[in-house]
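Trainee: Please find one structure pasted underneath; my questions will follow.
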Amino acid sequence: MVVGDFPIETDTIVIGAGPGGYVAAIRAAQLGQKVTIVEKGNLGGVCLNVGCIPSKALLHASHRFVEAQHSENLGVIAESVSLNFQKVQEFKSSVVNKLTGGVEGLLKGNKVNIVKGEAYFVDNNSLRVMDEKSAQTYNFKNAIIATGSRPIEIPNFKFGKRVIDSTGALNLQEVPGKLVVVGGGYIGSELGTAFANFGSEVTILEGAKDILGGFEKQMTQPVKKGMKEKGVEIVTEAMAKSAEETDNGVKVTYEAKGEEKTIEADYVLVTVGRRPNTDELGLEELGVKFADRGLLEVDKQSRTSISNIYAIGDIVPGLPLAHKASYEAKVAAEAIDGQAAEVDYIGMPAVCFTEPELATVGYSEAQAKEEGLAIKASKFPYAANGRALSLDDTNGFVKLITLKEDDTLIGAQVVGTGASDIISELGLAIEAGMNAEDIALTIHAHPTLGEMTMEAAEKAIGYPIHTM
C-alpha cells in the first residue's frame, strides 16, 4: 500500500470484463459476494468489441450482399447491386454498442463495482489499479483473472497501416482490392470469406497441410470448395517470410514447395494465433505456476496454484473460445461460494462461421478410432431435408458418433447453414448421456434444420426414414 492510499475492501475482484470476466462478476454477485470488476478497455472484451460479435456482423452483411446479387433462381432479380461499406461498418458498430451497453447495465444491475484501469497484484490479497490520473489499492478475499489474449505478431510482419491483425481488419474503412491472409484457422477463414464476399481478391497462406486444422477433412472440404468458387486462393505449406509496406500497399514474401514467391496486396491480415495476457500482472512475483506458452495452471475449479486466485478463459489451457470462458467463469464463482462445481468440457462445442458453417462437439470419428472405441458414424445429408431445400442451401450434413454397444452419443459434427445452432442440441445430448434412441424419439418440428439430428439418430439405430 502506498502512503496516503486507503485501500478499498471487496470480497471478489475480477480482472477483465470480457465474456469470462463479466459473467464471473455477475455470478459471484448473485451468490452474495461484494464484487469489483477492473477493465482497462471497453466492457465486453475482445469478443464483443473486436472479435466474435463484430466479425459475425460483417459476415452477415457480406452474405446479404452476395444473396442480393445471386438470387435469380428464386425469382429475385436485383440490378446494379452496390455496396456502401461505411454503412456496413455503422451496422457492425451499432450491434457492438448495444451489447456493450447491455453488459454495463447487467453489471450495475447486479451491484458490481466497475473500475477502469490496469491492475497488477501487490500480494495474494491486494492489487493496485491505475489509470491515467490516479491509482487505487483494493484488498480482496478472492480474485478471478480473466484478461484474455491478444494477436501474435510474427517476425517481419510488424503490425502497422498495411499489416493488420483481426482488430484492424474489422475496422477497415474500405474493402481491400487484394487481401493476403496469413493463417488459415477459423479467424483467417471467416474474415477471408467475408472480404471475398465483399469483392476482395483473397489469398490465404497456411503453414500446415490444410486450413482449419481443428476440424475433420471431411468437414473442411466443402468450405475449401466454396472458397475457391469465390476466387479465394489457398496456399498450404506456405511459410510467410516478410511483409514490406509500399506507397500503396504491401508486398508479402513467402516460401512454398521450396520456392520463394512474392505477392502484392492492399493489406496483409495476420491470424496465426493469440497470446495470453498474463504478463504485467505481477503473477511471477506472486509465485503463480505457469503452464506452456504463458498460460496459467489451474485445477478443475479454475483455481491457480494460489488458493484464492482463479483464472479463466484464454489464459488457461484449452481452446480460446468465448463460451468456454463464460462456462469457466460460473465454475470459478461457484467454487468461491464453496460449491463443488468443476469444469467438464465433454459437451463443449466449437464452431466456425465459414460457408458452410462448421460445428463439432465431443469426439470426432477419427479421435474415437484413435482411442480404440467401437463406434458407429451415422450421417444425414442436408440435401434430404425439406427446410434446407426451401432455403436453397443443401450443402452439408449432420453426423453422429455413437458407441456400438449401446448407441450412446459421444460426438457430433455438423456442416451447413445453421450448424452453429444445431450443435447445441447435440452438446446437450452428450452432456446428459443420451443415446441415439433418445434423440430419435424426441419429436422435432417440421420443416426445420433441427430435424436432421433426429434423422441421423434414426439411422444410428437402424431405422432411417428419409435416407437409405
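Placement of Cβ uses the backbone N, Cα and C atoms for every residue, glycine included.
Annotation source Swiss-Prot lists FAD binding site at Glu39, Lys40, Gly41, Asn42, Leu43, Gly44, Gly45, Val46, Cys47, Lys56, Ala119, Asp314, Ala322. Per Swiss-Prot, the feature disulfide bond maps to Cys47-Cys52. What Swiss-Prot lists as NAD(+) binding site is Gly183, Gly184, Gly185, Tyr186, Ile187, Glu206, Thr271, Val272, Gly273, Arg274, and the listing cites similarity to another entry. Swiss-Prot lists His446 with the feature active site, proton acceptor.
Could you tell me the structural context for the features on the list?
Mentor: Long-range Cβ contacts of Gly41 (FAD binding site) within its own chain (separation 6+, distance under 8 Å): Asn49. Annotation note: Gly41 (FAD binding site) sits in a coil segment as assigned by DSSP.
Within 10 Å of the Cβ of Cys52 (disulfide bond) there are 19 other Cβ atoms, across all protein chains.
According to its DSSP assignment, Ile187 (NAD(+) binding site) is helical. Counting only same-chain residues at least 6 apart in sequence, those with a Cβ under 8 Å from the Cβ of Ile187 (NAD(+) binding site) are Ser55, Ser166, Thr271.
The secondary structure of His446 (active site, proton acceptor), as reduced to three states from DSSP, is coil rather than helix or strand. Non-local neighbourhood of His446 (active site, proton acceptor): Gly386, each in the same chain, at least six residues away, with C-beta under 8 Å from its C-beta.
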Trainee: For a quick check of understanding: given the listed FAD-binding residues Glu39, Lys40, Gly41, Asn42, Leu43, Gly44, Gly45, Val46, Cys47, Lys56, Ala119, Asp314, Ala322, what is the maximum Cα-Cα distance in angstrom, as an integer?
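Mentor: About 31 Å separates the two most distant Cα atoms.
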Trainee: Judged by the number of other CB atoms within 10 angstroms, which among Gly45, Gly185, Gly273 is the least packed of the binding-site residues?
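Mentor: Among the binding-site residues Gly45, Gly185, Gly273, the lowest count of other Cβ atoms within 10 Å belongs to Gly273.
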Trainee: Round to a whole number and give the Cα-to-Cα distance in Å for the pair Cys52 (disulfide bond) and Ala119 (FAD binding site).
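Mentor: About 25 Å separate the Cα atoms of these two residues.
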Trainee: Given the binding-site residues Gly183, Gly185, Gly273, find the one whose Cα is closest in space to the Cα of Ala119 (FAD binding site).
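Mentor: Comparing Cα positions, the candidate nearest Ala119 (FAD binding site) turns out to be Gly273.
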Trainee: Look up Cys47 (FAD binding site) in the DSSP assignment and reduce it to helix, strand or coil.
Mentor: helix
Trainee: Measuring Cα to Cα, how many Å separate Ala322 (FAD binding site) from Gly185 (NAD(+) binding site)?
Mentor: 16
Trainee: If we check Cα distances from Gly45 (FAD binding site), which of the binding-site residues Gly183, Gly185, Gly273 wins as closest?
Mentor: Gly273
Trainee: Using C-alpha atoms, which one of the binding-site residues Glu39, Leu43, Cys47 comes nearest to Gly183 (NAD(+) binding site)?
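Mentor: It is Cys47, whose Cα lies nearest.
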